[in-house]
Amino acid sequence: MGKMLTLLVLRLLMNLLLISWISLWIIKPTTVWIQSWRQAEDTFKHTFFGYYGLSFAVFTFPPIALSIIGLIYLSLLPQQHRLTRGGRSAAITVSRPAIISSFIGIVPCFEIVAVILFLVFLAWTFYVRVNNDLKKLMPVKTMNLDLWQLKYFRVATRFGLLAEACLSLLLFPVLRGLSMFRLLNIQFAASVKYHVWLGTGLVFFSLVHGGSTLFIWGISHNIEEEIWKWQRTGRVYVAGVISLVIGLLMWITSLPQIRRKCFETFYYTHHLYIVFLVSFLFHAGDRHFYWILPGVFLFGLDKTLRIVQSRSESRILSARLYSCKAVELVLPKDPRLNYAPSSFIFMNIPSISQFQWHPFSITSSSSVDKHTMSVMMKCEGKWTDSVYKKLEEAADSDTKINNITIRVEGPYGPVSVDFLRYDTLFLVAGGIGITPFLNILQELACQNRLKTPKSVQLVFSVRTFQDINMLVPVSPILFRPIHNLNLRIKVFVTQEKKHSNGPTTLKEYLAQSQVQTIHIGTDVDFSRFQILGHESFRRLATLVLVALLTFLGLLIGLSHFFIPNEHKKHSNSMKLAASGAMTPAKEKVPSWVPDLVIIVAYVIAMTIGGLAAIILQWRRQHRETLRMTKEEVNPQGRNFTESTPIVPMEEHRIHIGERPKFKEILSEFETSLRGLSSIGVLVCGPESMKEAVASICRQRFQCFGVDDSRTIHNKVNLNFHSLNFSL
């Protein structure tokens, strides 16, 4: 009872912080807020905390506090609630697909609402700012501009505020360990598109802001003077030009046409974000930077923690080479490391590339494989081809491979297992998109589940017969169902014809699969090389709090040391003014001094957070080494209990030379269901496949769950979920 009350209080605090931060953004451009904030500045700048402590507390603290409370909330969340969040209730109707486009992808209703609200906020901010500017329009003495030119210049300036709003949210979607999206059960692979949308908006508004400003300066014939002048106070325009050029370069190299063909170019260019943020700080100044600091702070700490985790080396225990040119790698892991189905890891193999990290779905279940973790990759790119060739050469030469070093980041995945709440599952996979479903099927076969779907339909579309081999890891489940799991499989081979003397059933194909197993790390010391995963939620909250207090203390301390003491200067000025010796005047420091204070405090805080993470990691490894010396490790997994098949093997059909007709298959599947049912539709594969299935789900229901009676014959809820196997 006490824990539930604590969870309720934490939830209320999170909602309060979120509403407060959003409200600040809404009232920020109003005259009432501007006047109130100036009064608050005058009050606090003579105190110990000063203006800098006030700005941090008001603008930066709420989102970071939300992250800390969210991590504590997740640490207290009962495990049963994590696994079956929401029970068997129907999925939230606003998550159903509303827009299906090959250009922007599949957009559910709640994303449309969020985008509309964000656009309304941008329009509101722009209108209020421009309206206030035009009311008190004052010509700039150093620029000889006509009235329309001056108005256009003010409008262009306010476009920079819209870019600032996009930048303030830009880094939240790409957080991994500290992601707040996990509170909404939104995975990292799904939230990346929000980063893409915000980045596109940032570049657009920045181009209008910067391009229009350069245009006005060109008209006034003082463009060179304005750009290259490093101002003592106010905006540093050359820094703005640098941030604009770098932001545009990062956006261009992240386009799908470039990212897919030249991933290394995209990867290395994106690391220019450090120069971009520093340039933005010098251009916009510390007053504006406090608004975007929450995302920058959490992203920097998240990056630091990921670097610390990736320092630990692991080894490959064994590998499976499939005839379809796929590779399954088996890695050692801590038996206490649990992860949800559809989780993934980022993996680096230094012998192939020191800097490249690639995401892979985990194909094994932590409920079944306690000591190992498996990932599967389809070798179609330069990096994956190198992995396949390295293992293939060793297999052909019959030489034993020792010590293939890898580094792992993660695992990352949903906090709750959403698919368990459905009565039935309709799984659609295309090619290597089968990987997250291998994990899900093993999880469904686990005996420790209180509630699981009882009926599952898997539609697997492949190009060739050899691609069917990717079902080998779950072959014990396919033909020996566990816990009365009614599993049906339809395999579609789209680009080959049936062989005259070849196998005819799925069981025969899998029995004759050409899979070569290579044992690599037979001498691997589990205590040294097992994957521990990231820190617990409670320790992550502690690390964020340590870094936060360090940054705040340094920010206030360095401000008092490097920036003139406003309290003393104010008192001395008042005394001199009272005696008639002088009139009080406000002495300003160069604008780049507070900027440097923020940078120094930030770097030291991230360093302290990283050192604390290293200490925690060392303690975990030391405790695990002591524990492993007392226990005998059996790195075997997948020990499924056999039972009498309840599904005839002819239910697992292979369709040759045709593509799946999802509407017919889904209708046939619904007919086999008795009574009302809630179907979870999970799709992982090419975008065209996702769009085809999503369009069927959209035809059943309009946005927000309004039924379309013309297309509904049976009242079956179709809840669409898209899983990504590539980022």
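Even glycines carry a Cβ here, placed using N, Cα and C.
Listed in TrEMBL:
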TRANSMEM  7-28  transmembrane segment
TRANSMEM  48-77  transmembrane segment
TRANSMEM  98-127  transmembrane segment
TRANSMEM  155-175  transmembrane segment
TRANSMEM  196-216  transmembrane segment
TRANSMEM  236-253  transmembrane segment
TRANSMEM  265-282  transmembrane segment
DOMAIN    300-418  domain 'FAD-binding FR-type'
TRANSMEM  540-563  transmembrane segment
TRANSMEM  596-618  transmembrane segment
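By the Cβ criterion (under 8 Å, sequence separation of 6 or more), the transmembrane segment (48-77) is in contact with the transmembrane segment (7-28), since 3+ such pairs are found. With a cut-off of 8 Å between Cβ atoms, the residues of this chain six or more beyond the transmembrane segment (236-253) that come close are 199-200, 202-203, 206-207, 210, 213, 226-230, 259, 262, 265-266, 269-270, 272-273, 275-276, 279-284, 591-592.
According to DSSP, the secondary structure content of the domain 'FAD-binding FR-type' (300-418) in residues is 28 helix, 41 strand, 50 coil. Within the same chain, residues 48-50, 52-53, 56, 64, 67-69, 71-72, 75, 177-178, 297-298, 301, 305, 534, 589, 593-594, 596-598, 600-602, 604-606, 608-609, 612-613, 616 sit at least 6 positions outside the transmembrane segment (540-563) and bring their C-beta atoms closer than 8 Å to a C-beta of that stretch. Residues 167, 236, 239-240, 242-243, 246-247, 249-250, 253-254, 258-259, 289, 292, 296, 355-356, 592, 595, 598-599 of the same chain lie 6 or more positions beyond the ends of the transmembrane segment (265-282) yet place their CB under 8 Å from a CB of it. Over the domain 'FAD-binding FR-type' (300-418) the predicted model carries a mean pLDDT of 84. Residues 52, 278, 281, 286, 289, 293, 296-297, 300-301, 304-305, 307-309, 311-312, 532, 535, 539, 543-544, 546-548, 550-551, 554-555, 558-559, 562-563 of the same chain lie 6+ residues outside the transmembrane segment (596-618) yet bring a C-beta within less than 8 angstroms of a C-beta in it.
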